[in-house]
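Colleague: Here it is, the structure in full.
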Amino acid sequence: MTATTSHSDERLKKVSTMTALLRRPELGAVAGLVLVSIFFFFTANPAMFTLAGIMNFMAPAAQLGILATGAALLMIGGEFDLSIGSMVAFAGLVFGTALVVWHVPLSVAILVAVAFAVFIGVTNAQITIRTGLPSFIVTLAFLFILRGLTLVGLKWASGGSTQLRGMKEAVAGSPLAPFFSGDAFSGLFSWLASKGIIDAFPSGAPKVPGIPVEILWFIAIALLATWVLLRTRFGNWIFAAGGDPRAARKSAVPVARVKTTLFVITALCATLVAILTVLDAGSTDARRGFQKEFEAIIAAVIGGCLLTGGYGSAIGAFFGSIVFGMVLIGLTYTSIDQDWYLVFLGGMLLVAVIFNNVIRKRVTGER
Amino acid sequence: MATSQTPLIEVKDIVKHFGSVIALNGVSMSVNANEVLCLLGDNGAGKSTLINTLAGVHKPTSGQFLVEGQPRLFSGPRDALDAGIATVYQDLAMIPLMSVTRNFFMGREPVVGFGPFKRMDMEHADNITRDEMHRIGIDVRDPQQAVGTLSGGERQCVAIARAVYFGAKVLILDEPTSALGVAQTSMVLKYIGQVRNKGLGVIFITHNVRHAYAVGDRFTVLNRGKTLGTYRKDQIGIDELQNLMAGGKELQSLSEELGGTI
């Protein structure tokens, strides 16, 4: 360091709006979304950008996005959770078993699933914190443990099969069901269709019956997470715990508590996705949530999260997930082979990581 | 010398053992308000153990620990902080990726609102940070800029300003100048003087006699876990201090060999 204060002033004055913009962690995800939108605007069937088309790609984006929001918060807090995908399957098993084997009401089934999620989240966190091992390894173990438990549990619950059915019937008539399945605002959409504002079938029913509830959950969770991260004391603790746990501890930040809470939040996000998708499909199976942990982490990284923690954005993960949904579904609107999706996934991850690295150097003024 | 006033912190014959290792073997020192006490010692003299004891990290094995005349036993760093003893460690407890404001208020965030709507008062925090930085002569244009963009000296000053703002009466500075260049060192030393003039007691740990002599009022020299003595500035010269710290003759002859350059 040779710079004196009087000199560094002049040099720092050069900070332009461009650099200020680059300081936003979600910039990469927004840029990615714009690029992907432009790409499909020119290559895809125009049906992709109708209301029905948008709902089509927002639904998988929402499922992934709920996971990615939890993963992003945890990554900013300095830890990974590779067990998210298996947690979706495990939570699906617990939730499904409660509904169709124990025949409890939906509210109780949700509570049971939540209780299991809290337990798994705390277990992941405590092992990671107490042993000081990388969470990468600890949760990798749980990736297999939970997937295996799901298989064993499904066979036990269904009497030998790896699928458990009958959830739709089990929750029929439950007052809580509309919050976790089906479409919201169907009255509004019918009215809009009757006025000719949105597309309708010849029968008069709207082509899009409403907004799938998972999309509303996705938006609500992304907004809540962003608010917590940027505007609350807990949010400051998340950044601190991930940025430098030792320094945070010295400043009286309860690092272990913060990390434990984040692991629990991640497990709860997986459980929510399990409940939403199980009720949507009416069944659960052992492959539910397969490889979702990687997609969620990739979405968080596209959203600007650093692998080293301490930096990132929840709203970035929101946009990152939409990019995913758009490419996954968008390719079906084009003449391009759908399997390019995986190539895209890897490519996007690589670009995002390199981009984030550059951004970090700018933010910290490293040379 | 302030014999009439009660020292902010006073330790007498502090002993600290770690298993079979005797880290401190009878250390006595005190610091008053309006005073910079320099704690000098070479590597392994016990400086770190002593400050960790003062900061409440370690419990002394034996000896007296008085805070404003009252015997105290801290059960942890939190206790020491509550008693007004703040420590700025070498690594500063600052996070480069976080903004100046977020660092300044880390662990002590101002909140507004009730219940689930309780949130961090970011505007208030930004304003205080900007004002406090301005007061010490660092022009932070945007308190939301990352601490990583500040120079080493600026970071040190932010860490000290943070401790002062949160009501420290005694400030323990662990080698604040060891990693800094000349201009940045003088910036930090100047600020240490300002903090003293505000009425705080400062314990300035260093092994650089020149830095110590520039701002110190009294000097306590540690060697092999013991205090060699405490001297007022008018009682000792800079060379004498240097020799005392290094344990005497060996260094003196070495220094002569090198032409008096250390």
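Here the Cβ of each residue, glycine as well, is placed from N, Cα and C on the backbone.
Annotations per TrEMBL:
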| type | residues | note |
| --- | --- | --- |
| TRANSMEM | A:21-42 | transmembrane segment |
| TRANSMEM | A:54-75 | transmembrane segment |
| TRANSMEM | A:108-129 | transmembrane segment |
| TRANSMEM | A:136-156 | transmembrane segment |
| TRANSMEM | A:176-198 | transmembrane segment |
| TRANSMEM | A:210-230 | transmembrane segment |
| TRANSMEM | A:262-284 | transmembrane segment |
| TRANSMEM | A:296-329 | transmembrane segment |
| TRANSMEM | A:341-359 | transmembrane segment |
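I'm curious about the neighbourhood of these features; can you describe it?
Modeller: Beyond its flanks by at least six residues, the transmembrane segment (A:21-42) meets 48-49, 302-305, 311-313, 315-320, 322-323, 326-327, 330, 333-334, 348, 352, 355-356, 359, 362-363 of its own chain at Cβ-Cβ distances under 8 Å.
Residues of the same chain lying 6 or more positions beyond the ends of the transmembrane segment (A:54-75) and with a Cβ under 8 Å from any Cβ of it are 48, 81, 84, 88, 208, 211-212, 214-215, 217-218, 221-222, 225, 228-229, 238, 242, 262-263, 265-270, 272-273, 276-277, 292-293, 295-297, 299-301, 303, 305-307, 309, 312-314, 316-318, 320-322, 324-326, 328-330.
Long-range contacts of the transmembrane segment (A:136-156) within the same chain, counting only residues at least 6 positions beyond its ends with a Cβ under 8 Å from a Cβ of the stretch, are 80-83, 85-87, 89-90, 92-94, 97, 120, 123-124, 127-128, 162-164, 284-286, 288, 293.
The list of residues near the transmembrane segment (A:176-198) in space but at least 6 beyond its ends in sequence, with Cβ under 8 angstroms from a Cβ of it, reads 51, 106-107, 110, 204-213, 216, 275-276, 279-280.
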Colleague: Sort out for me which stretch, of A:108-129, A:210-230, A:262-284, A:341-359, has the most Cβ pairs below 8 angstroms to the transmembrane segment (A:296-329).
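Modeller: Answer is A:341-359, with the largest number of Cβ pairs below 8 Å.
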Colleague: For the transmembrane segment (A:108-129), give me same-chain residues lying six or more residues beyond its boundaries with a C-beta closer than 8 angstroms to one of its C-beta atoms, as numbers and ranges.
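Modeller: That would be 79, 81, 83, 87, 90-91, 94-95, 98-99, 135, 138-139, 142, 146, 176, 180, 256, 259-260, 262-268, 270-271, 274-275.
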Colleague: What else in the chain is close to the transmembrane segment (A:262-284), if you only count residues 6 or more beyond its ends and a Cβ gap under 8 Å?
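Modeller: Non-local partners: 63, 66-67, 69-71, 73-74, 77, 79, 81, 84-85, 87-93, 95-96, 110, 113-114, 116-118, 120-122, 124-125, 128, 154, 163-169, 171, 177, 180-181, 213-214, 217, 221, 238, 292.
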